[in-house]
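Undergrad: Take a look at this one; I'll ask things after.
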Amino acid sequence: MKPQICLLGIQKFAKDKQVLKQLQEQLGDKFINPTEIIKPKMKPFCFLQFIDEDEKNKFVKLIEDNPELKLRIGEVHNENAFEKQLEKKIKQQKQNEEEVKQFQEKHQNRDVIERKENELALQTAPLYQIKYEEQIEQKMVELKKVIKKLRNQFIQKNGKEYAPDWILDTNLIKINDPIICDEQFRFNYRNKSEFTISYNSQKEVCVGFNVGSIQKNNDSVEQPNTCPVTPAIAMEIANKFQTYLQSSKFQPFNRQNGSGVWRMLSVRKSDRTKQLLISVSINKDNLNEDEYVLICDELITLFKTTYGEFSLEGLLLMHSNKLGQDLASSADDTKILYGNSYYQEIILDKKINISYNAFSQNHTPQCDKLYQVIIDLCKNKKITKFLDLCAGSGTIGICVSDQIQDILAIEMNQSSCKDANENYKINNLQNCQIICSKVEDVIKKVAQDLKSFEGKQQLMACLDPPRAGVLNNVIEAIRTCKGIDHIIYVSCSPPQVIDNLIQLCLPQSKKNRAPGFKLVNVTLVDMFPQTSHFEAVFYLERDYGILSELM
Ligand SMILES: C[S@@+](CC[C@H](N)C(=O)[O-])C[C@H]1O[C@@H](n2cnc3c(N)ncnc32)[C@H](O)[C@@H]1O
């Protein structure tokens with residue numbers, strides 16, 4: 001055993017390393033390094049172990065030669081005291097090392113999880129790490145780029161000589177202040193959340209968001225704990241469903257080879273009516289009759305439950321055997337497992353029923369503001385008839401119906417048209433009607449009929465098409481319809497509707513009959529906080545000035 005001493009006069013609170021450092025400082029060059037130092041907790045002494053007797057004696061002498069340090073050599077009464085303390089110290093060290101290792105591993109894992117969470121969050125909300133005010137600035141820059149593109153493409157196609165003033169000098173187009181989102185609605189705002197069912201990177205069944213791409217042979221999904229734009233209630237339902245699916249005997253649907261069953265989960269909710277509508281998509285071709293019945297029963301048991309302040313308005317089971325990515329609204333057949341096939345939303349104090357497969361604006365408080373922009377654009381123009389084109393559940397027409405005497409809507413989705421008719425009824429509106437058709441198939445006839453009101457009607461055409469805009473014949477019908485002197489064009493993808501806008505604005509010619517329109521103002525409505533998307537509301541007026549110049 002190596003020789004040891006007990007050194008008295010040490011600070012009670014000091015730890016091994018601090019004692020060693022202090023001794024080194026006090027004894028300077030002459031200090032003799034011990035092989036081990038043990039400072040028991042809260043004791044005024046420490047144990048020192050030396051390599052041999054010689055070293056130990058040198059150290060003892062050093063202490064005795066420096067009485068001013070008030071250190072004394074004590075006796076080690078209990079022979080095992082040092083060993084016991086050493087054992088304790090080694091155990092403690094091991095425990096510390098283990099804790100550090102565990103902490104590091106946990107931390108490393110957390111880093112990986114956090115990175116994954118972050119990637120997923122960025123996928124669904126690419127701007128969520130950017131200050132909201134900067135997001136709006138970025139979007140305004142994008143909107144101004146659209147205006148610039150509109151100008152350049154107009155001139156490129158038609159030459160400067162035919163370009164109206166407002167094209168040559170786009171400062172004449174008024175860019176209104178952006179309609180921003182109130183602070184409390186900037187996160188977790190989606191009223192419709194769609195989840196894909198597949199396997200995650202751990203090969204577990206997961207109800208999450210696509211991270212791979214089917215084209216690249218990667219069908220995988222991940223579920224984040226939090227997603228910046230998905231509400232907590234939707235995440236809760238997705239989690240609950242995932243737990244159920246992980247012990248289901250049926251597999252997720254494989255979008256490449258068509259095997260498996262489970263496809264999608266869609267959760268729609270209203271914070272205003274507190275209603276929930278849940279739709280599950282499957283491929284029932286891979287189930288026999290009994291299995292299908294079993295799934296229906298199990299889903300009812302799983303989802304027919306309480307959801308805090310929300311209540312389940314409807315539960316639907318949709319079937320599709322199509323390969324490739326799902327479209328939540330498309331199904332080959334749909335079965336109502338519980339309740340209704342729609343839920344109710346409140347927009348600008350109007351009741352709006354929305355079917356499971358009907359379009360709705362994804363941010364209700366911002367939808368109020370979008371529709372208010374449209375209402376304001378109709379004010380002071382003596383509009384007598386409003387054409388609600390691509391009307392969805394009739395919402396825009398309904399919201400302007402208090403101030404315009406006649407609303408005619410056109411919409412191709414049958415469920416949406418059914419909703420619209422119901423919505424006209426539940427809001428006691430007698431001045432609204434909807435034609436269930438593609439706009440391009442009926443617009444010419446509608447435009448012709450409207451001509452009979454020529455002179456008596458001030459028409460406002462409001463277009464709110466999908467991202468890609470409308471076909472040219474729709475534009476032509478609107479252009480050539482006398483009486484339509486005002487257009488509101490709502491777009492969720494403004495760069496994609498530049499062509500439509502140019503077609504509306506080209507000066508009259510043999511090809512472009514009737515005077516063109518002029519872009520008067522444009523308003524950005526931030527319908528998609530934390531993402532780069534936004535709605536643009538373009539307001540156009542018939543430009544009779546251009547007509548007279550050309551005639
Ligand atoms: C962006 S949504 C707008 C819906 C509605 N205006 C709203 O604010 O809720 C576009 C709508 O256009 C409909 N649609 C798409 N193509 C159409 C077409 N060619 N003719 C008529 N409706 C169409 C879709 O079914 C959808 O309801």
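Just so it is clear, glycine is given a Cβ too, placed from its N, Cα and C backbone atoms.
Bear in mind that the values here come from a model prediction, so they are computed numbers and not experimental data.
Feature table excerpt (TrEMBL):
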type     : residues         : note
ACT_SITE : C492             : active site, nucleophile
BINDING  : Q361, E411, D464 : S-adenosyl-L-methionine binding site
Undergrad: In angstrom units, rounded to an integer, how far apart are the Cα atoms of C492 (active site, nucleophile) and D464 (S-adenosyl-L-methionine binding site)?
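TA: Roughly 9 Å, rounded to the nearest whole number.
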Undergrad: Long-range neighbours only, meaning 6 or more apart in sequence with Cβ under 8 Å: which ones does D464 (S-adenosyl-L-methionine binding site) have?
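TA: Non-local contacts for D464 (S-adenosyl-L-methionine binding site): D388, L389, C390, A391, G392, I396, V490.
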Undergrad: Neighbour count first, Cβ atoms within 10 Å, every protein chain included; then name which of Q361, E411, C492 tops the list of recorded positions.
TA: E411
Undergrad: Taking the center of the Cβ atoms of Q361, E411, D464 at the recorded S-adenosyl-L-methionine site, which other residues in this chain have a Cβ no more than 8 Å from that point?
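TA: Everything else in range on the chain: F359, C390, A391, G392, S393, T395, I396, V490.
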Undergrad: So how far apart do the S-adenosyl-L-methionine binders Q361, E411, D464 get, largest Cα to Cα in Å?
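TA: Overall maximum Cα spacing for these binding residues reaches 15 Å.
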